[in-house]
Structures are given as C-alpha cells and as structure tokens.
C-alpha cells in the first residue's frame with residue numbers, strides 16, 4: 001500500500017470512494033439522456049464544445065447535488081494491489097491544477113502541441129483533460145517507442161512540451177538537441193531528474209482555480225499518429241467535435257453505458273481507442289473508468305481482474321479475448337461482466353462463438369481508424385453477424401465506393417468511404433497536419449477514402465477484406481489477406497500470420513503466407529506442415545485463396561502500435577527497398 005499512500009500524500013486529497021457502491025435503483029438504469037445532459041442530436045453542430053467543462057464539470061455538479069452514485073470517476077489499480085479512486089470532483093480539481101501547470105509554469109498556450117507518452121497511470125488522464133481545458137493540443141504516444149520514433153514525432157509536430165516517465169527520459173534526452181521546438185520536459189516519477197520538471201509536485205502546489213477556455217467545436221483538440229503501415233505515421237488532427245460525437249444518441253447506442261457501469265478499456269494509451277474507451281465514452285455517460293497498470297500483458301492477470309473487480313463492460317483488441325480463451329480456466333463466467341466489444345483486427349466467427357459459450361457474454365465488433373474513431377459497429381442488442389464489422393454509426397454516412405467515389409451496390413468489393421460533402425461530419429479528422437498532399441489524396445469525390453477494402457450486404461452490415469494495398473490479385477481472383485489469415489488462425493499450428501502477394505511467372509501474383517508457429521509445432525517437417533496448412537485453408541474457404549507459398553518465420557514486422565507491416569513483407573517479395 002506504499003504507492004497508494006504516496007498518491008494520497010502527493011495529491012493532497014482524500015480518497016472519497018473507499019469502496020464500490022452500486023447505484024440506487026432509480027439511478028442505475030439512467031443513461032446520459034436520463035441524467036438530463038443530452039443536449040445534441042446526431043447531426044447537430046454546436047458552435048462551442050469542450051469535454052472538460054461540458055462533461056467532466058457537469059458530472060462534478062451532479063455529484064454535488066447527489067444525482068450521481070458515489071462510485072469513482074477513475075478507479076486505477078496495479079499488480080501490487082494498490083488502488084487510486086478519484087471522484088469527478090477530484091478529477092475537476094486535479095485537472096484544473098494541471099491546466100495551471102501547463103499554462104502558468106510551462107508557458108504553453110492554446111494551439112501549442114504536447115507529446116504525451118505515459119503508460120496506464122493516473123497522470124495520463126490529468127494531462128489529457130488539462131490540455132482540453134487550455135486548448136493545448138495533446139498527442140498521445142505508446143511507451144513502446146524508441147528514440148527514433150520519439151524524434152520523428154517531436155520534429156514533425158513541433159511539440160513544445162513532453163510528458164513521460166523516467167523509463168523513457170533517457171530516450172527523450174538523446175534526441176532533444178535535434179528538436180528546437182521542445183522547451184519543456186515534464187517527468188512523472190517518484191524521483192527527480194536534472195533538466196526535467198516534477199509533474200506531481202507542480203500539480204500538488206498549483207491553484208485549483210482555472211477558467212476553462214470556450215473552445216469552438218471545430219477548434220483542434222488532439223493529434224493521433226497513424227499506424228504507419230504504409231510509410232511514416234501521419235498526424236491525424238482532430239477537433240473538439242471528436243469528443244462531442246460521444247454525446248450523440250447513435251454513438252451512445254454502441255455501448256449503452258450507464259452511471260452504474262464500470263468500464264475497462266485495455267487499449268494502449270498511445271492509441272485513439274484509449275482516448276475513446278478510457279476517457280470520452282465512459283465519462284460522457286458518467287460511468288466509472290477502470291484502469292489496470294499492466295506493465296506487461298498477462299492474460300491470467302486480466303482474468304483474475306475480471307473476477308476480483310465489479311467490471312461490467314470491456315473494450316479490447318481481439319487478441320486479448322483470444323488469449324483469455326487459451327488459458328486453462330475451469331470457468332470464465334465473470335460475475336459482473338455484461339457486455340464486451342472489440343475492434344482493431346480481424347475476429348474469427350468461431351472466436352465470437354467460443355467467447356459467448358465460455359463467458360455467457362456476447363462479443364460485439366466495431367471498426368475505426370486514427371482518422372475516424374469508431375465509425376461502424378454492431379450496436380449493443382443489435383443482431384450479430386459473426387465476422388461482420390456491423391453498421392455505420394451516424395453522423396457518418398459510410399458507403400462502399402470505387403476509386404472515383406462512385407457508390408457500389410451490395411456485395412461488391414470496394415473502398416470504405418465516409419461522406420464529407422456537402423458537409424464534413426462531426427468526429428472525422430480535420431486533415432493530416434503539415435501534409436496537404438496526403439489529405440487531398442484520401443479525398444475521393446464526395447468521400448473520404450479510408451484505404452480499407454470491404455463489402456456491404458443488403459442489411460447494411462460491412463465485411464472487411466483488408467487494406468487496399470494489401471488485396472491480392474491472384475490469377476484474376478481478388479483475395480483479401482484477412483480472409484486467409486482468419487482461415488490459418490483456425491489451425492492449432494499457427495500463432496499468427498501475415499498474407500501478402502508474391503510474384504509468380506505464370507499467374508503474375510500468388511498468395512503467400514508468412515507464419516509464426518506455436519512452439520509445439522516448431523519441430524514438424526516444414527514440407528509436410530506446409531501441405532497440411534494449405535489443405536486446411538482449402539477446406540475452410542474458397543480454394544483459390546489458399547497460400548501457394550508458405551514461409552515460416554520467428555516473428556512478423558510490426559509497427560509500434562502492434563499492426564503487421566504487410567507492406568514491408570510485400571516489398572521483400574518483389575525485391576523492393
């Protein structure tokens with residue numbers, strides 16, 4: 001409990017939520033609309049919006065008036081059993097102090113950029129909201145970054161400040177001389193470091209009195225770096241409208257969160273999904289955000305956490321659910337879990353069914369990008385079509401388009417497009433910062449071209465095929481890599497795979513699979529195993545999709561966000577640099 005005591009002494013606050021309180025029945029079923037804060041509809045465009053004043057401070061007032069149950073706004077734990085519970089009143093106090101540190105101590109102004117590279121620690125929430133209060137543009141980044149990744153982000157963004165931990169401080173120091181815009185370095189640590197400001201002590205001594213800026217809905221709020229699967233990461237710039245979209249009724253239907261919910265998003269803090277799932281979505285509904293520090297991913301710890309804490313909803317990548325299912329537990333019937341959502345990579349229909357069978361909870365799928373947030377999904381309570389990404393979520397009008405922006409009929413392969421004309425929808429990125437060429441490149445007629453390929457069926461459900469650059473044209477047949485990778489994943493030998501096109505003197509292109517084997521299959525004869533895997537794919541999907549070439553590898557090239565870099569493998573196949 002030493003760390004817990006440090007938090008209490010450090011921030012100078014009392015722990016107002018010593019235990020978890022189930023909401024009174026009359027509050028338990030109240031969603032955002034029931035709390036009287038749903039001021040906008042799906043297609044409204046208010047002139048002003050600020051998540052800190054319109055959401056966080058609203059729930060602070062609800063707590064003062066006794067209109068919200070005494071559950072914490074943020075419930076943070078670590079693997080040592082320490083806990084931090086902050087109410088909305090405490091979050092308002094601490095984020096106002098943070099805002100004053102950023103503006104008064106650091107001298108940052110509205111529109112300045114701040115690089116935020118923190119793990120799942122409470123200070124991540126303070127900095128995010130502190131930036132929103134002041135109009136400082138925050139740029140989340142994963143702690144998996146190396147010095148060259150940090151250098152690139154600091155240089156292209158012109159960041160004036162960075163907030164990180166002592167683990168990454170040496171990496172920052174090694175590149176700081178090459179970043180002339182960087183003026184302020186804030187350290188989140190129990191130890192001081194020369195050349196760095198002590199974030200915690202500054203927040204503790206700062207004034208809690210702060211007037212939130214009156215931000216325009218279309219003023220910039222955050223920059224999210226894309227995954228960089230096809231080149232250097234781009235800076236997708238988002239307005240305050242990105243946070244406003246979580247207010248809209250159609251978006252509320254995706255998770256249908258209540259004040260009594262305890263919501264756990266397992267996304268890395270450097271990804272846009274964390275901003276949505278660990279900040280915007282749950283707090284818009286007045287729910288409790290649950291966070292586990294999880295310095296190392298361990299499915300056993302995740303399972304034990306579900307049993308130990310009253311978590312009601314979960315949002316995580318398919319790999320998280322997959323690893324949970326692979327553990328040898330006699331029961332996965334978590335006592336309070338009601339709803340699960342996933343996205344970010346392909347999910348096998350068999351995995352959805354297995355999750356439902358072992359946990360008794362349905363697993364809903366969603367789709368999005370750094371540019372869009374969650375743009376379509378299977379809403380809670382909606383019919384699940386296993387393997388589908390669900391339907392478009394307003395205000396996004398999503399269609400399947402060709403390369404000229406023409407809408408395609410159902411069951412026809414094309415690009416996933418989001419209508420941007422005559423009006424760009426609230427919640428879609430503004431543009432790629434400092435990259436007008438790329439911004440223009442993704443505009444296709446009346447649509448933003450996501451670069452992802454899919455089909456849409458007669459009921460409006462989308463079916464993902466892959467990135468446009470990833471789709472393989474084999475002997476006239478178009479093959480999406482996700483289809484083949486899903487088929488391979490059903491075989492027990494395959495830990496993970498990446499499917500790309502490979503040159504062939506007769507067919508032009510053929511399907512090739514790079515496969516990482518599970519350890520127990522590593523001693524198998526490669527030739528025999530290749531034939532077995534090829535036959536397996538033929539048996540579970542259209543035979544023309546099977547990989548004519550197979551290469552076993554120890555690992556796959558990935559971006560720092562964990563996405564497979566198929567482009568790198570494809571270039572290798574075609575002898576490109």
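Going from the start of the chain as shown, residues are counted 1 onward.
For all residues, glycine too, the Cβ spot is worked out from N, Cα and C.
What you are looking at is a predicted structure, and each value in this text was computed from that prediction instead of being measured.
Here is what Swiss-Prot records for this protein:
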BINDING   226, 227, 228, 229, 230, 231, 232, 233, 234, 452, 467, 563  ATP binding site
MOD_RES   85  N6-succinyllysine
MOD_RES   146  N6-acetyllysine
MOD_RES   204  N6-succinyllysine
MOD_RES   204  N6-acetyllysine
MOD_RES   214  N6-acetyllysine
MOD_RES   237  N6-succinyllysine
MOD_RES   356  N6-acetyllysine
MOD_RES   391  N6-succinyllysine
MOD_RES   391  N6-acetyllysine
MOD_RES   531  N6-acetyllysine
MOD_RES   538  N6-acetyllysine
MOD_RES   549  N6-acetyllysine
TRANSIT   1-31  transit peptide
Could you tally the C-beta atoms, other than its own, that fall within 10 angstroms of the C-beta of residue 146 (N6-acetyllysine)? 12
Quick one: of the binding-site residues 226, 232, 467, which has its CA closest to the CA of residue 214 (N6-acetyllysine)? 226
Under a three-state DSSP reduction, the secondary structure at residue 146 (N6-acetyllysine) is coil
Cα of residue 531 (N6-acetyllysine) to Cα of residue 232 (ATP binding site): how many Å, rounded? 37
Looking only at C-alpha atoms, tell me how far residue 538 (N6-acetyllysine) is from residue 467 (ATP binding site), rounded to the nearest Å. 23
Would you mind pulling the DSSP three-state label for residue 204 (N6-succinyllysine)? helix
Quick check for the class: what is the C-alpha distance, in angstrom and rounded, between residue 391 (N6-succinyllysine) and residue 467 (ATP binding site)? 19
Counting across all protein chains shown, how many other Cβ atoms sit within 10 Å of the Cβ of residue 85 (N6-succinyllysine)? 21
Just name the most isolated of the recorded positions 214, 234, 237, 467, going by other Cβ atoms within 10 Å of its Cβ. 214
Expressed to the nearest Å, what is the distance separating residue 204 (N6-succinyllysine) and residue 356 (N6-acetyllysine) at their Cα atoms? 46
By Cα geometry, the one of the binding-site residues (226, 232, 234, 467) nearest residue 85 (N6-succinyllysine) is 226
Highest CB neighbour count within 10 A among the modified residues 531, 549? 549
Which whole-number value in Å describes the distance between the Cα atoms of residue 549 (N6-acetyllysine) and residue 232 (ATP binding site)? 29
Round to a whole number and give the Cα-to-Cα distance in Å for the pair residue 467 (ATP binding site) and residue 237 (N6-succinyllysine). 21
